[in-house]
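Enquirer: I have a structure here, written as structure tokens, and I will follow up with some questions on it.
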Amino acid sequence: MSHKYYVLILLIAGLWTSVNGDYFEECDGEENTYIAVQEDCSYYILCHGEDSYRDSCPEDSPYFSLEEQTCDMDRNVCGDRPFPNGEFESGEVVESTEESTNSPTQSSSSVSVAVSTTTAGLTTTTTTSPTSVIIPTSTTSLVTTAPQIITTPNHITPHLPSFCPAVDNPNKAIFLPHPKSCTEYFLCYHGERLPMHCSNMLHFDARQQKCDYPEKVKCQIMDVVSPREQCLAHTIDYYPHPVNCNYYYQCLLGYLKVMQCPLNMGWHYEKRTCVLRSQAKCYSSSNRF
């Protein structure tokens, strides 16, 4: 009797495995990475065991770059992968000729965004508890005035040492910023740099020698370091889109995804949340909606 129950348990376990999550043959031998869909350059697959899924790039960045592991605006990243919309048939990019009219049109879909902060993670400093920010999922009217794009001058960081002193100061710990990350930093110990990282959604402030809220730190490395380079296996953070103020990047433990603000909203890169377009603060003056 016990043998029959054992066989039954194995059958149930096998059935559960077969229906839990999606299976993609392309993911065989691949783990924790994005792969390209060969028959369509606008699609990609995240290979992550039973949590694997297939998704498409947004219209503003329609091409998936296998090298950069993210969606891109340059169709050259496709290589020999086709684009079903017909852009590769004549060798020219086909752009939409539709123009907006005075009559508001109803959007076929909208994306709701909820941004929340957490204090989970490792840090060597003490900060106040972050607050939760909830983004409205709908609007009641269309904005007819041109959005105001606010820009700020690049933040000038004072000269800071890039190496650790050979002798430790017993009265004060020395921390160094990471050259390619806002969330990573180093602790100096006997002349060596020990890698550290801030808690989720916090950035390292080299001047104050502690982790703090991004709007206070004003880390400026997006011009030289891509979101893909900053999105590490332990990172939970958001990055502004380099071109379109309606989009932003979400990094979730090494997985980078392009996100879109709801209708008539834009990304405020300092507040790191979606706001009304008239209040959006784009990362660069060249950003558009």
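Yeah, the Cβs are placed from backbone N, Cα and C, and that goes for glycine too.
The signal peptide annotation in TrEMBL covers 1-21. Taken from TrEMBL, the feature domain 'Chitin-binding type-2' covers 24-80, 161-221, 228-284. Residues annotated as region 'Disordered' in TrEMBL: 82-112. Taken from TrEMBL, the feature compositional bias 'Acidic residues' covers 89-98. According to TrEMBL, the feature compositional bias 'Low complexity' maps to 99-112.
Could you place these features in context, so I can see how deep they sit and what lies close by?
Expert: On the 0 to 100 pLDDT scale, the domain 'Chitin-binding type-2' (24-80) averages 83 in the predicted structure.
DSSP labels the residues of the domain 'Chitin-binding type-2' (228-284) in these numbers: 6 helix, 26 strand, 25 coil.
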Enquirer: Please list the DSSP helix, strand and coil residue counts for the domain 'Chitin-binding type-2' (24-80).
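Expert: Helix, strand, coil within the domain 'Chitin-binding type-2' (24-80): 10 helix, 19 strand, 28 coil.
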